[in-house]
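Worksheet: one structure, shown below.
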Amino acid sequence: MPQDPMDFEWSYWVEWGRERILWLLAGHLLVSQMSRLLVEKYKPWCLMVYGMAACWLLLGIKGFAVILLHAAISFAVAQFQLSLLSWLCSLILLATLRIPAVEETKRRWYDTENEYYLLLFTVSVRCLFCTSFSLEYCWHAPSQKSSHSFPWMLAYVFYYPTFHNGPLVNFDEFSKQMRRQEAFSVKTNLIILIVGIIRIFFWWCLAELMIHLMYIHALYSSALPLESASYWALGGLALAQVLFFYVKYLVLYGVPGLLLQMDGLKPPALPCCVSLMHSFTKMWRSFDVGLHRFLVRYIYVPMGGSQSSLLGTLLSTALTFAFVSYWHGGQSYLWYWGALNWLGVIVEYGTKRILSISVIQDLI
């Protein structure tokens, strides 16, 4: 039975996974386990060299040079230790991805559109990693200088399991865990690997069943069946779509998460099932945990967050969602999506504040 071809993201990453990425991830696993077994002290540098080689192999020398250039520029700007300047640098680097002349130049580097999109997705995710390192560099104490060097930035930026699509791991978490040396057990790691592969294979089979049998995205791409459907049917389609999105990211984040575990790191928690969520706030906290930690640490809290005035909270939340919309591409529908999510979070926050008033609690 033919599959629903309208979900670009799933088809794209499954195709790349089968062709090369899974093989490169298997190579990373081999290098990681050998370095943990034989040269634990040099594990970060072994993985850095492997990640750079994998990047060169997959994206070519020009793609590799773009990512290296982004890292070098971010590191150079971070030397001023001004958070605002590092943020400005990150936003400018992101903006260069959407300049038509630059896009056309990069397209000419590759034979297929898929190869160009792989570079685009990879550089977009690397921009977040460069931002995390730059801001941690701005905040670090002089005693932490050795763990905030350019080689450590390269080890972080070229760490292969999270290279193309995440999940996002902040630099402070990555460096602490990567520098920690602990007992290595081949038997324990083998059990973790086997159990992890079984779970991911189950999620992959479930996603493939949904995309071969339900045709959710094909229905959404045509106005006629949507116009004739009842409200109950539309609600069911919406639920089916977000459930597929959830299962899809169990696979897309489950694979790199398993490799993080094998490397002795703690991956961000996998997405929480959308059927268990009843609020915008919980959705943002529990679905993409790595992105949520990034947004809270580098945007929401520095702007004041919930500890500031009502206006400050509104502003810090708005800036957080504005960055999410811009990073995802900045198209008009993404600004609407970000604004609606911001509104949902603000309504929940306001309702919680009202319900915390003692008079209201007494009435309840």
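Residue numbers in this text run from 1 along the chain shown.
Cβ atoms here come from the backbone N, Cα and C positions, even for glycine.
Unlike curated entries, TrEMBL annotations are predicted automatically.
The annotation transmembrane segment is assigned in TrEMBL to 20-39, 46-69, 75-95, 116-135, 150-169, 190-211, 231-252, 310-328.
Long-range contacts of the transmembrane segment (116-135) within the same chain: residues 12, 16, 55, 58-59, 63, 66-67, 70-71, 74-75, 77-78, 83, 86-87, 89-90, 93-94, 97, 106-107, 109-110, 148, 153, 156-157, 162-166, 168, 170-171, 294, 298, 327, each at least 6 residues beyond the stretch ends and with a Cβ under 8 Å from a Cβ of the stretch. Note: the stretches the transmembrane segment (150-169) and the transmembrane segment (310-328) are not in contact (fewer than 3 CB pairs below 8 A, sequence gap of 6 or more). Looking at which of 20-39, 190-211, 231-252 has the most CB pairs under 8 Å to the transmembrane segment (46-69), the answer is the stretch 20-39. Just going by CB pairs under 8 A, the stretch in 20-39, 190-211, 310-328 that sits most against the transmembrane segment (231-252) is 190-211.
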